[in-house]
Structure formats: structure tokens, C-alpha cells
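The structure appears right after this line, and notes come after that.
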Amino acid sequence: MFNFSKNTFKHGVHPPEHKDDTCTMKIKQFPFAPVMIIPMAQHLGAPSQVVVKEGQEVSRGQLIAKANGYMSVPIHAPVSGVIKKIGLVHTLSGNRCEGIYLEAFPFSGQEVPAGHGVDWRTSNQDEILAGVQQAGIVGLGGAAFPTHVKLKVPDGKKCEVLMLNGIECEPYLTTDHRVMLEQSSDIFMGIRYLLRSTQAERVIIGIEANKLDAAEHLQNNIPEGLPVEVKVVPVKYPQGAEKMLIKSVLDREVPSGGLPIDVGVVVVNIATCAEIGRLLPYGHGIQERVVTITGPGVKKKGNYLIPIGTPLRFALEEVGVADNISEVYMGGPMMGMSVSNLDISITKGTSGIVVFTEGETKKQGKPMACIKCGACVQACPMSLNPSRMGILAKHEAYQEMLDQEHIMDCFECGSCAYVCPSNIPLVQYFRQSKSSIRKQKLKANAH
Amino acid sequence: MLTKTLRITTSPHLKKGMDTPTIMRHVVYALLPVAIFSVFVFGSCAFWVLATTVLSCLITEFLINQIAGNHNSLTDSSAIITGLLLGLTLPPIFPLWMAAVGGFIAIALGKMAFGGLGNNVFNPALVARAVLQAAFPVAITTWYPAMQADRFQSLPSSLFTTPFFQPVFDGVSGATPLSAFKFDQVVASANDLAFGFVSGSLGETSAFLILVGGIYLWYRGIINWRVPVGIIATVFLLSGALYLIDATTFAPPQFMVLSGGLMLGAVFMATDMVGSPMTNKGMWIYAVFIGLMVVVIRSWGGLPEGVMYAILLANAISPHIDRMVKDRVYGT
Ligand code: SF4
Ligand code: SF4
């Protein structure tokens, strides 16, 4: 019934999916933590700027931090309460940043007052982009890139296709799956805004074949006159990466170093689109997001609508974890980060929390010599040579990695390290190499 | 209250099943039937040759690790593979001290001198075999008939030759099928060749068991099927063409494929990850190159057997193949 495409990108891997645990579980509202911890650095770009004072009472949905420039978004109170403290808070990266401790009023009505809505029928491009920024929307797929920046089609470029990313290729995660099943009207409303702001001619929703129910549901509910096409592609990791998705669905390749718009495409995560459709008509800001909490160590696995700023510790206690948990990841197990400190919070970019127990994690074995098995070469979706790059990285031969091996095209998907039998921490090498190369470039430019 | 200390790992946090020691172990499993069958065909002497090469490989690797202060690399089983492969390329009555020297050379020169597993350019077993060929030309080309009646009761005395003395080879020394063809134009039956009841080196015996081992390794995702298929197809087609042109000088294609170390080389040696290219395209080039060289050396060279040199040459060009045939990077 919908467009099933056999097309896919080259290489890639098939990690075990583990999605069955949660993909049938309806999104449930999560309780409010007694104290919310809200970091200002929740997105790529400049951290937001606090506009409240200690001791001040705020109501749910109220602006508590404003955008700090174009590459930034505001933050809204996730709950009505009182600002206890403004100070440093822990973040996932291990660094600390400024943050707000918000003590929730027990039993307060959690109504969100409406702000200035944006009408999709009458507003122009700039008004919509401003509305998206004011709502504090960032990419909910995990990268947390400010969405209004992404939606801005540069002068001289044209957006032909608006691509909605419903791939969700990370194992264990099912948030996008649930959003597609439960929030289709929000999604189609979001599409109206996105179509107007990007001026795209058509919309394609890309979905992997393991979510046929979602594809079917969306297909059946396309409103009259919306140029939307649902396209189902074979399951493969990392198809959710923009470049892979565009290759699979449109058979176009984004040029090395370029952006999707260079091939006439703007890609938006499906949950982000739903959020736009949900918030913009009412001028609301984003206060919560859907998070999959799952993994062998979790007792009440599920998809939860969690207030942003909920401390991870509270979230885990609420769902219950096994005694022998050993690792906690924010995001999926392929690209997510492992957590060292439970005092961090759930932010706009948190798509999932995966908890592993002692028995379930294969201890990362000691790295051994590369046996040139070629498994990484046959796995890399960008067709790079991770084996050679790994050896070069060890010798800090960054120039060669840049000139001969296209290191900057590596987007750290982890497929190579996933298959490497010698446990070589390839992605870690590449992350370091890329940041060294960027630093060198900055230095060179400064001279 | 949650107070657990958590382990920090880097992404990806999932791992595909097999690690390097497991891979190596599976190769050993795949080689064992071939080794056991060679003992059945040639008797106890085959066991001693294999045991000697394996042991001397292990001991050499252990000693070099000790001296160089490396971590203990014996657990990865790769030395056992080298030992087995080397033993399988030797004649069943090969003096044991020479076999021990071979094991030493394989590890010391073929592997550790390059920096250990993964850094060696050439297949260590073949390096050793090439050195032995140069050092002991007589011993390494003295063959022994298969399926001797008393093969489990007595051991050929040449096995126990004292080092540096000229061995005296007892019993009949049978020609291998390849030399029989090369020098006397005698063609062995394909059936005998396939199931191993011919004289020759230990691992030349059963094409069938080698194939089973190869299919096992392919099934486990350890070897790339393009290599053995490419080699065998090239040898078959090329020698078939030559045979059609002149059936008196050139051997029939099925004979070319089944005789000598071709099957063992194609399935177990050319597929060695370290010495073969990394892309599928590269694998094809590498395989066709080996097939071509085998036919050329066997047909026009002075030696009956060419697999060893063909693979060593291909090992040498494999890094260059990788440099030249890369997959096109996405978006370029
Ligand atoms: S992490 Fe980089 S090098 Fe490794 S597979 Fe992904 S894109 Fe390729
Ligand atoms: S997968 Fe690991 S061992 Fe195999 S070639 Fe790549 S880096 Fe080397």
C-alpha cells in the first residue's frame, strides 16, 4: 500500500534490535520530580541565558531562560514551582554548566497558559522559524541541533523535498515509533508548518520495515491535499543518519562536506515535526519529551513523556532498576553516551535511557592488533577504511587521515567498532582525531 | 537511593559476537579434520610432523614474547594455525628437526620480525615453507606413498635424522601426482585426488575435507568466499583453456584444481585475513592473480607446484591492491 523501496545505502550493520520490549507500550505521563535540575547547555550552540532569580515563583511553561543568539533556543519551566538555586549542574559530557534547580509545587494545577500562537495559514517563513525558536525546539533525535537553524534554507538554494526521519535505527529505542502511532495529527500539523517554511514541493516520511504499523497508520491518515508520501526502507543501521536516509530514499548522495540542502533536501526528525505541530498553534514552549527507558536492568520498561530537567536518578528510581546494573546509556547503545553520574538530567536531546546489568554487558575486551580482517571496511556506511584510519590515528598522522582517508566524513556511527573482532576503539580514535584536526585548523586560521 | 558506581565505556556499547581469539579458534577447528585425515592416510609419521611444527611455533612465540616483553599472545591460537598449516605443507617423512626449524622460522621471521599478528605481510607458514625449500631441497621433495599397510606400526627413520646430517629416506619414495604429471605425464584419478588417497604433502590429501572446512569458515563469516572461488575458478578456466589447446603438454583442469596444495592454499592460506585485501573488489583481483600465477608457474616454471609462490607474491601486492582499489567514499 505504501511505497516499499528495496533501496538502501551501502554497507552498514545489523545489531540485534531489542525493540519488542517497548514498541507496543503506549506513551505514559511521567510524574514530576520534587526538584527539577535544568541545565542551560541542552543543545548545540550557545547555552541559554537564565532570566529568573532564586526564590522566584514560576508557572509551568513560563520562560526561564532565553536564547543566547541565533544558534541558541530558550528554555521553559517544566513544572510550576519555585527557583531554589541557580548554579553549576552536571552534564552528560562530564563538564558542568550553569543550571536551574526548580522545586515543584505539590498539587499545583499543571495547566500551561497559551502564548502567541503561530497560524500556519497566514504566517510567513520568518514568523514560523521565529516561532520554532521561541518554542525552544531542537532536534529530538539526539543531536539537539536548534531546529530553526536547520530549517533555514540558505539563499540561492532550494528545498525540493522535506524528509521526515522516522527511521529510528538505534537498537532498543522506540520513541519515534510510538510518536508516529500516537501523534499523527501533530505530525501532519507540523508538516504544514514545515512545508510553509521550507517551501518544499513534497514530503517523504522515511520509515524502516520494522515499524510497518506506524507506516500504515500514517499512510491512512494523510490529510486531503498534503503532498505526503510514506516510504518504507529495509532495516539497517545507521539508516537514521541523514546522509544514509537520503541515499536510501532518494538515491542521492550529499557531497562530502556538504549538507542535505545541497541535494535539495531538508531532513527533520519525525518527533521534532510532531512537537512543532503540537506547540506552534498555541505558542507553547517545549516542556517534556518522549523517552524510552529500557534495557535488561529496568523493571518497568516503557515509553514515557518525561518533563525536561527530570533528574536521571529520579527517573531510574521511578521505573525501578535491578541491583546489579553496571552501565547506563543516554541515547541508544550504538551512539549514546555512557553515564558516570546519576545527577545529570533528562534534556531535550535525550531519546532513550538504556540500562545494562552485569551479566548483559560483554566487558569491552582489551584492544588487540588489527588483523586486517576488513570487517570494518565492509561495515562503514561512508565507505571509509577504518582499519587504516585507526593505524594512522595511533601514529597521530592526522594530515594523512585528512588527505587520503576522508576522516572528516566519519560521523561516528560506530559500525566499524561494532564489528571489529580486535576490540580496537576505532570511534574513540576518530573522535579524537577529528577534534585535533579541527583545533589545528583553528590555530592555522588564527595565524 | 541508587548509589551504584557505573562503568564508563565508549560507544558503540554493543559488540558483534566474535573476537580475534575466537576467530582463530574456529580456523583451528576447520583445520583439524584435514590434519586428522592426513594422519589416517600417512600414519604416525604425519602426527609427529604436525606435532613438531605446532609445538615449535608455540615455543618460539612464547620465547619471543618473553624476550621482547610483549604480553602473552599465545592465547589467540594464531601460532597453532601457523604450525598446522606449515606441517600440512610438508612431506610426511620430513625430518623432525627440520620441521622444528620451520616452525621457528615461521614465527620468528614470518610473524614476529614484522611486529606480530596483524603486521606480518606474508603468510608465516608459507615464509617458513619457502625457506625450508631453499635449505632442504631434497628432504622437502622426497615423498612417501599414501595408505601404507604398516603406517601406524613403524616410523620412517628419516623422521629422526640428527640435525645437519644427510637424512636417509627409507621405503619407497612415491612421486606426487603433480610431479608425476610434470615429468612423466601421468594423470591421477580425480576421485583419488579429491578424497586424498595419493602421496604428497600432508595437506594435499583431501580436497573434500578442505572444502568442508572452508564452508564452515565461510558460514561463520571468517573467510571471504571470493578468494577460494576466485582462485579455483581462475585455475580451472585457464588450465581448461590450455588443455583444450594442447592436451599433451597441459594437465586437465580438474586435475589442476585437485592436485597439489591448491585447495589448501586457496581455502586456508590465501584467505588469511592479514595478507589479503580488505574490499570485495580487492579480493577478486587478489584471487585471480593467485590463480593466474599458479597456472603459469605449474605450466612453465621449473617446479611442479606453484601455489606457495603464487600466494606469497599475492601477499606482497595485497597492500597495494588496498591502496589502489578503494570503495568510493560516499559523497565524493
Ligand atoms: S564510525 Fe566513522 S569510520 Fe566507523 S563506520 Fe561509522 S562512519 Fe565509518
Ligand atoms: S575490523 Fe578491526 S581487526 Fe578487522 S580490519 Fe578493521 S580494525 Fe582491523
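For all residues, glycine too, the Cβ spot is worked out from N, Cα and C.
These come from TrEMBL:
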TRANSMEM  B:27-51  transmembrane segment
TRANSMEM  B:94-114  transmembrane segment
TRANSMEM  B:126-146  transmembrane segment
MOD_RES   B:Thr176  FMN phosphoryl threonine
TRANSMEM  B:193-218  transmembrane segment
TRANSMEM  B:225-245  transmembrane segment
TRANSMEM  B:251-271  transmembrane segment
TRANSMEM  B:283-301  transmembrane segment
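Contact counts against the transmembrane segment (B:126-146), taken as Cβ pairs under 8 Å, peak for B:94-114 among the stretches B:94-114, B:225-245, B:283-301. Most Cβ pairs within less than 8 Å of the transmembrane segment (B:27-51), among stretches B:225-245, B:251-271, B:283-301, belong to B:251-271. B:Thr176 (FMN phosphoryl threonine) counts 22 other C-beta atoms within 10 Å of its own C-beta, drawing on all protein chains shown.
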